[in-house]
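The domain 'YdbS-like PH' annotation in TrEMBL covers A:69-141, A:272-349, A:420-497. Here TrEMBL flags A:20-39, A:45-63, A:198-217, A:229-255, A:379-396 as transmembrane segment.
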Amino acid sequence: MRYENGHPVPERRLHPLSWVFHLVGGLGALIPLGIAAALGAEWDGALWMLIPLLLLGPLAGLWHQWVYRYDYGPEGLLIREGLVFRNLRQIDYRRIENIDTERTLLHRLLGVADVKVETSSGGGAEATIRVLSVDGARALSEAVFARRRALVADTDDAPGSEGDPPAGVEDAKHRATPLLRLPASELILMGLIDNRNLFWLGAVVGSVLQVVGVETLERLLGPALLDAGVVYVSQLALVLKIVLVLATVVGVLLVGKLLSVITALVQYHDYTLEQDGDDLRARHGLFTRRTVTLRVPRIQVVHQLATPMHRLFRRVTLQVDLAGGAAEPGQSGGARPLAPICRPARADALIDRALPGMDRAAPDWRPLSARTRRRLTRLWLWCWALLSLPPAIWWWGWPGLAVLPAGLPVALLHGHLYARYTRWALTPDLLLFHRGWLWRRLAVVPRNRIQTVRLARNPFDRRYRMTELEIDTAGGGLAKRRVRLAYLDRDVAARLAGSLLE
Amino acid sequence: MVLLRTRGNTMGFEAVHPGTVAVWRVQSLVGVAVVSLGLGAVFAPLLAGGPLARPALLAGVVALLVLAALGWWLPAVWYRRLRYCLDERGLSVERGLLWRHRITVPRVRVQHSDVSQGPLQRAFGVATLRLYTAGSRFTVTTLPGLEHDTALALRERLLREGDGDAV
């Protein structure tokens, strides 16, 4: 660190191979150039004029690498970019929440890493240092967090929810204990449970079969079926259709599951969750090795999700909402996995680690309003009637009215089970909310993280004398992660809001 | 005005300044006028002289009158539904006609606040108070229609005891 006229000037440089990654990162920008080159080939001879353009990328990378400097200032991490248009950024140590590293296959071959510095302000990393050697990245992370701890310890007015680091942070840091490790068997299970890409695959396979479909199958299977004694053409067609449908379903399931198993194995290879001093740190990935740091004081809500598939294999998924978490593309704002998959018994221990000092023992579970069952049953019946009656009457005329009672069992069952499994509890430290019976979601919200409380009553709520209570924390924000207690009795909701705000 | 009678101060909730009704009325009527002028400018040349001109004109006038009546009536209803309460916990704002809600911002959660006043609001002596929290869904809580001095005083009272823990 050098000083010029009393101002700090950063001196540390990037890894000498940084320009390669600058180039790779900007590879998208080369595509128009490639098109231009292809077009340029038409005017023969003029192609050489494009060579300076092609050199632009590496030169820009080299320039960036040459002028980029970072250093540890007295107050914050200093980053200087540019020489002509200079920009000196200072990121206050106390504001730095996360230093993540990301390594693709190329990074790992060259022994380097992208370093992302995140602060509590949302909207992406505050700075991406591209690239440092792996040792350099570790040194940076250690240096920043050491200074951060020193500063926080100095200024005793650390905000309350930052939490005082527990005694013995220093030695705890060195004996990082793995809290969760996912072997390949668990990952295969995770792939089997996960069905995110199933829908798209179904759409693709379905439309492919529409196109190639029946004729191919007839040609392939027809003779065999004829030999087997299926005489009549109508019979044959029916059998073929059934075979086709079954093959589609089985094929979609198999390929979809295979894909998601492979995805899980690659993405979460060697998943390790460790306690690192005050933080939780997850490392995973086969080709792109990721390190994600979850700063425990920033955790706002812990979600536990159990789909029917999860319950079949006796597993759950844990996710946390971080305050002001970076909303990266492809990642829901601030949501991070705490455990992509784990056993329910393990989940309780992990939640305790994520929310230390919060007593979760023996919550006093409360049900929703007694009128919930009736309301939900009616709601489902109305939806069923609106969706099914017009086509039924269109096809069958007035006898079509018979579809109406067909929806009743499902409506009754859903109303009954939803009301039975949805419940909430208030402990001295936490608000717990368990929702749904098929997809079960448990939200654990520390009461000191609640930002605002909102009571809402729509016309239906008023008719059933109910109120919906929604709480807002500094994390989450995605629709399905909202902590929203619907169907509460009006006075219960008012009292709960009152005690949440105390 | 009968429409402007306030509901009783149940649970310490207070109504905002009645001047805000006039502000909203002017705003909604201007909005209706702009929309009808725009639609008129588009459709008048298309329909002029055609067989549909007379019914279209009639329908247009009726729609305009209905919208204008709504623009006159709704602000009064919004005003009656808009109440606020400042207590030791924080500021609660209650509003909404069909979808009613009450949002409570604890004092300690207020990150920063705005008191803003447009030209129209200034003419009627009202202002809007905005409270910002570090939340993710309800980051801004708006309380429109306060008297300017009341808004400043309210913010003063809210923030005086409100420092501390940020997130």
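Including glycine, each Cβ sits where the backbone N, Cα and C put it.
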Practice task
Would you report the average pLDDT that the model assigns to the domain 'YdbS-like PH' (A:69-141)?
Solution key: 82
Fill in the blank from the handout: DSSP tally for the domain 'YdbS-like PH' (A:272-349), helix/strand/coil in that order, comes to 14 helix, 41 strand, 23 coil
Exercise for the section: With DSSP as the reference, give the number of residues of the domain 'YdbS-like PH' (A:420-497) in helix, strand and coil. Expected result: 21 helix, 37 strand, 20 coil
